[in-house]
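Below is one structure, written out as C-alpha cells; comments come after it.
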Amino acid sequence: MRDTFGRQIDYLRLSITDRCNLRCRYCMPDAGVPDLSHHDILSYEEMLRVARVAVDMGVRKIRVTGGEPLVRKGVIDFIARLSALPGRPEITLTTNGLLLADYACDLKAAGLSRVNVSLDTLRPERFLAITRREGLEPVLAGLEAAQRHGLTPLKINMVPIAGVNADEVADFARLTLKHPWDVRFIEFMPVAGDLDYGEKQRFAADRILGALAEQGKLEPISDSRPGSVARLYRYDGGLGRIGVISAVSRHFCGECNRLRVTADGRVRPCLFSVEELDLRTVLRSSDDDIHLKAVLASAVAAKPEKHLIGESDFKQGPRHMHGIGG
C-alpha cells in the first residue's frame with residue numbers, strides 16, 4: 001500500500017485493549033476513565049480478520065499494543081494465530097513489563113519476535129510517582145526474562161520529562177554498556193490535553209543528546225530499515241544501542257509506514273489524527289473483505305503529510321494514549 005505522498009505502508013499497530021495495570025501520568029488520568037465494554041471492544045476473531053486483510057494488502061509487521069496487552073485474557077493464543085497468518089508477518093509487542101517475566105517464555109513459543117518495554121525511571125519511589133502504582137522490580141525482572149527467552153533485540157522506551165525524570169537519561173544510557181539492549185529516548189508527545197504533563201515539560205531531543213554526550217562520545221550508527229524512527233548511537237565498548245526519537249522537534253513523518261487500529265475498531269491514519277475510520281461496523285455488518293479493504297485503503301489515503309504539533313492549527317483529540325494504542 002502506498003499513500004498519496006508515496007510512502008510504503010507496511011506496518012500495523014494493533015491495540016487489543018484499552019485497559020492497563022498502571023496509570024502513567026502522561027498516558028491516562030488516575031480515575032474517571034471508563035473501560036470499554038465487552039461489546040465495544042473487537043474480539044480476537046475480528047482483530048485476526050483485520051490483520052489477515054492488512055497482510056494481504058502488504059503489511060509485513062504487526063505490533064500488538066494496548067493499554068497493556070498482557071492484561072487481556074487469551075493473548076498468547078492470539079499471538080500464535082497472528083504469527084501463523086499467511087505471509088508470516090513479523091509480530092512484536094509493546095508492554096509496560098509488569099507481567100513480562102510470567103509471559104516471556106510463552107510469548108516466544110507463540111511466535112513473538114521481540115518486545116518493547118515502556119519504562120520511565122529506574123528508581124522505585126519515582127516509579128510510583130509516575131505510574132501511580134508500585135512495580136519496578138517486576139519490570140526489571142521482565143527485562144531479564146525477555147532477554148533470556150530470546151525476545152530480542154529488546155528495546156526500552158523512556159520518555160524524559162523535564163522536572164520529573166529527565167535527570168535519569170544518563171542512568172538509562174549506561175544500561176547499554178552492560179546489556180545488548182536498545183534504549184530509546186522519546187520526546188513527550190501531547191496526545192491529550194487533560195493530563196498532568198504538558199508542552200512546557202517536553203525534554204527536547206537536543207537536550208537529550210546533550211545529557212548523553214556528557215557521559216562519553218556517541219558514535220552514530222546507520223539504520224537502513226524502512227520506517228526507522230530513531231537516530232541511533234553507541235558508546236565505545238557498549239553492548240547495546242541508544243536511540244533518540246525526536247517525534248516533535250524533528251519529526252520523521254516523511255518515513256511513516258504505519259496505520260493504527262484501536263481496540264474499539266477505529267483505524268487512525270496518524271497517531272495525532274482527529275479523524276478515525278470505523279472498522280467495527282464493517283466487520284460486524286459484512287463477511288465480504290472487500291469492504292474492510294476499502295476502509296483500510298481510505299485510511300492510507302487519509303494519511304497527512306506530517307503532524308501539526310507546534311503549529312497554530314494543531315488540535316488535540318479526545319482520546320488518551322491508552323485508548324489509541326502506544
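Every residue gets a Cβ built from N, Cα and C, even glycine.
Residues annotated as domain 'Radical SAM core' in TrEMBL: 4-219.
If you look up TrEMBL, you'll see ARG13, ARG63, THR94, LYS155, ARG258, LEU259, ARG260 marked as GTP binding site. In three-state terms derived from DSSP, ARG13 (GTP binding site) belongs to an extended strand segment.
The [4Fe-4S] cluster 1 binding site annotation in TrEMBL covers CYS20, CYS24, CYS27.
For GLY67 (S-adenosyl-L-methionine binding site), the count of additional Cβ atoms within 10 Å of its Cβ stands at 27 [all protein chains shown]. Per TrEMBL, S-adenosyl-L-methionine binding site is recorded for TYR26, GLY67, SER118, MET189.
Residues annotated as [4Fe-4S] cluster 2 binding site in TrEMBL: CYS253, CYS256, CYS270. In three-state terms derived from DSSP, CYS270 ([4Fe-4S] cluster 2 binding site) belongs to neither a helical nor a strand segment and is classed as coil.
Each residue in the domain 'Radical SAM core' (4-219) has a pLDDT score, and their mean in this model is 93. Following the DSSP three-state reduction, the secondary structure of ARG260 (GTP binding site) is strand.
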